[in-house]
Structures are given as C-alpha cells and as structure tokens.
Amino acid sequence: MEPGLCNRAYLLVGGLWTAISKALFAEFLATGLYVFFGVGSVLPWPVALPSVLQVAITFNLATATAVQISWKTSGAHANPAVTLAYLVGSHISLPRAVAYIAAQLAGATVGAALLYGVTPGGVRETLGVNVVHNSTSTGQAVAVELVLTLQLVLCVFASMDSRQTLGSPAAMIGTSVALGHLIGIYFTGCSMNPARSFGPAVIVGKFAVHWIFWVGPLTGAVLASLIYNFILFPDTKTVAQRLAILVGTTKVEKVVDLEPQKKESQTNSEDTEVSV
C-alpha cells in the first residue's frame with residue numbers, strides 16, 4: 001500500500017474514532033446529569049416533600065441542560081427510546097445506536113450512584129425508582145408510558161429537524177418532558193426514558209416492575225418514529241439505502257442540523273454525516 005494512502009486511511013480512522021468517542025462521552029455525560037438532577041428532585045425530604053410542579057420544572061431544566069450540552073456532539077439523545085426512534089427512522093446505524101445506549105445506561109448508573117452517595121440514608125432509600133401508583137394496572141402503566149414517550153419523541157424529531165424549525169431544541173424538548181411529568185407522575189412516576197429508570201434501579205436493586213419502563217417507552221418511540229418519518233414528513237430513502245444506513249456503510253441524511261446555516265445561502269446542497 002502506498003505511504004500516502006496509508007496516511008489518509010490513518011487520518012480517516014483517527015478522525016472517525018475521535019468523533020465517535022466524543023459522541024459517546026456526550027451521551028454518557030448528558031444522561032448522567034439528567035438522572036442526577038431529575039431524580040434528585042423527587043427525593044422525599046422529610047421537611048419538604050417535592051410537588052408535582054417542582055419535579056416537572058426540574059426535569060424540564062435537566063433536559064434542556066442535557067440537550068444543550070450534547071446536541072452539537074451526539075445529537076442529544078440521552079435516552080434509549082430516542083436512539084431507537086432514530087434507528088427506526090434510518091437516521092443512525094445499528095452499531096452507533098448500540099454504543100449510544102450503552103453509554104446512556106452507564107451515564108445513568110453513574111449519575112444515580114453519585115446522587116446516592118451524596119444523599120442521607122433515610123432519603124435515598126428508594127432513590128426515585130419508578131413504580132406504579134394509585135392502583136394503576138401494569139397494562140395501564142405501559143399504555144401511559146407509551147403515550148408520554150410518543151409525544152416526547154415526536155417533539156424531539158420536530159425540534160431537531162432543521163426543515164421544520166429554527167427554534168431552540170433544548171427549550172422545546174424540555175417543555176415536552178415537563179408536560180409528560182405533569183401527567184405521568186400520578187401513574188408511574190413518569191419515566192419516558194429507560195435509562196432514567198435503569199440507573200436508580202441498579203443502585204438500589206429494585207426491579208419489581210422495571211420492564212414497564214422499557215416496554216412502554218420503547219414501543220411509544222417506535223410508533224412516534226413511524227408516524228414522523230413515514231407519515232408526517234416522509235423521506236425518499238429506498239429499502240437498499242435504509243439497509244446500508246442500518247449497517248453503517250453509507251452516509252445518512254441529517255435530521256439534526258448540527259451547524260444550522262441560513263437556508264437562503266445554500267444552493268442545492270444537503271447536510272450529511274457519516275453513519276457508523
């Protein structure tokens with residue numbers, strides 16, 4: 001192999017690895033901060049139990065912070081349900097999706113562990129683990145989580161899609177998360193994010209109804225992706241192109257506009273990112 005070709009290959013691999021490692025760290029960090037601050041708001045302090053509005057506002061702000069930190073690096077998923085939705089919509093490859101989810105679960109666990117470590121013993125006993133409340137059945141809990149996550153993922157797609165809006169994704173997605181909490185707290189404590197449920201459950205070892213907070217959100221995310229990408233705003237990718245994107249052998253049209261540009265300054269050009 002020619003030396004010049006070797007150098008180009010080395011630079012390509014090195015640059016690709018740098019981009020991937022930054023994206024994974026961004027997902028790890030964003031999810032960890034989201035869990036630390038969000039779950040921290042539901043802790044049952046004896047002198048002042050948290051109100052539903054307080055929890056909703058805190059999760060709103062935690063979401064906005066996580067999105068603002070990571071959206072230009074990784075796309076600001078910070079949620080396995082969002083990553084699955086992007087995979088179903090052919091906006092991310094399977095290898096990258098698996099790596100993202102692993103980073104998210106690791107970040108959620110570290111965030112929950114940090115919160116557990118700094119919280120007094122009597123307050124941290126349940127660590128905000130999601131459970132079913134108010135005589136809600138498991139079927140009802142799954143349905144609630146499905147609907148809550150469906151509206152969240154639809155908002156994520158619409159907020160991140162540069163074809164639709166130039167507003168702030170952090171503010172809009174944060175508002176969607178707050179909306180979910182204002183309703184969902186009474187049913188399930190409101191997850192909408194399997195990583196948010198996973199981290200605290202790992203630290204305190206409570207998995208009694210943990211499956212609900214995977215089945216509901218992931219199903220809602222898939223439905224939201226199908227609705228947005230195939231009904232509301234369908235694209236023209238062929239089956240072959242979608243399969244190539246799935247395995248990471250082709251370029252992917254960006255739903256997330258990482259570097260927003262004025263549309264009038266572009267002439268027949270499209271933003272793309274390399275799928276991995």
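Each Cβ is built from the backbone N, Cα and C atoms, and glycine gets one as well.
According to the topological domains annotated in Swiss-Prot, Ser21 and Val209 fall on opposite sides of the membrane. Distant neighbours of the intramembrane segment (76-85): 26-27, 30-31, 34, 63, 66-70, 92, 97, 100-101, 104-105, 107, 149, 152-153, 156-157, 160, 169-170, 173, 192-196, 217-218, 220-222, 224-225, 256; these residues of the same chain sit at least 6 beyond its ends, with a Cβ under 8 Å from one of its Cβ atoms.
Between the transmembrane segment (52-70) and the stretches 97-118, 139-159, 166-185, 211-231, Cβ pairs under 8 Å are most numerous for 166-185. Under the three-state DSSP scheme, Asn134 (N-linked glycosylation site) falls in the coil class. With pairs at least 6 apart in sequence, the transmembrane segment (139-159) and the transmembrane segment (166-185) have 3 or more Cβ pairs within the 8 Å limit; the two touch.
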